[in-house]
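Novice: Structure incoming, see below.
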């Protein structure tokens with residue numbers, strides 16, 4: 001359960017803290033990495049790229065340090081207003097953090113998108129570490145892959161570390177490296193807190209995750225979740241949520257034949273929300289059509305997105 005304790009202790013001598021931005025191209029494992037590091041699922045993961053939308057903070061506290069991870073949307077060329085908002089969110093995060101962990105898919109060669117992000121980092125002046133994720137998937141013949149990243153490292157004078165966010169291999173070394181690069185600082189949050197996002201936000205993300213997993217490319221990014229009401233009763237928590245899509249055809253896909261798809265989405269999401277709050281949940285979902293919501297900055301703000309200039 002997300003702890004709501006408000007007690008922030010005084011940091012001991014030598015304690016380190018700071019904000020670390022996790023950036024990279026879409027679908028390289030940024031959210032999986034943050035979930036593993038903080039020890040709880042706070043960011044959704046999906047085979048569909050671009051699943052992280054809002055800037056999400058995960059908090060890791062050890063006896064020696066407190067790291068606030070900022071998970072950002074994958075950086076890519078935007079194709080609509082939502083895409084512009086997502087990329088601007090990532091860019092703003094780069095300038096606001098103390099250190100950037102640039103995550104790449106280390107099982108494939110570096111590409112133009114990786115070079116674009118490195119150029120962006122160079123212009124921001126924020127120090128960065130290159131994180132080579134998916135080491136568990138790296139092929140035996142990896143000479144071309146290694147060479148492509150060696151060129152990036154040399155051209156931008158980066159530290160680099162390989163790991164697998166899926167298996168946990170190399171993550172202890174990664175954590176030690178990140179702490180090493182931080183400056184002495186205070187506790188920013190209570191030690192037991194794992195995210196600064198309210199439970200309502202996480203509930204919405206868990207519902208959206210099931211939609212992405214169950215519908216894949218049928219309703220890829222045309223969906224937004226609004227938690228309309230949460231009723232906390234003695235023996236159960238009632239959650240009422242709307243699923244907002246752009247077209248009637250998408251509404252039909254989400255509802256399914258005889259309501260079968262919506263029932264499955266609700267059942268799977270309810271189980272995840274019960275794990276989140278450690279209690280019994282009743283989840284009520286309904287689907288709404290909001291034409292072109294991704295193109296409207298006003299509707300994006302109403303649906304909970306950080307619309308930044």
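Sequential numbering from 1, following the chain as shown.
Glycine is no exception: its Cβ is also placed from the backbone N, Cα and C atoms.
Curation does not apply to TrEMBL; its annotations are automatic.
As listed in TrEMBL for this protein:
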- 24-31, 71-75, 133-136: GTP binding site (BINDING)
- 16-184: domain 'Era-type G' (DOMAIN)
- 215-291: domain 'KH type-2' (DOMAIN)
- 24-31: region 'G1' (REGION)
- 50-54: region 'G2' (REGION)
- 71-74: region 'G3' (REGION)
- 133-136: region 'G4' (REGION)
Novice: Tell me, how many other CB atoms lie within 10 A of the CB of residue 30 (GTP binding site), whichever protein chain they belong to?
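Specialist: The answer is 30.
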Novice: Starting from the Cβ of residue 135 (GTP binding site), draw a 10 Å sphere and report how many other Cβ atoms land inside it.
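Specialist: A count of 17.
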Novice: Please list the DSSP helix, strand and coil residue counts for the region 'G4' (133-136).
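Specialist: The counts are 2 helix, 1 strand, 1 coil.
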Novice: Under DSSP, is residue 72 (GTP binding site) part of a helix or a strand, or is it coil?
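Specialist: Once the DSSP labels are grouped into three classes, residue 72 (GTP binding site) ends up as coil.
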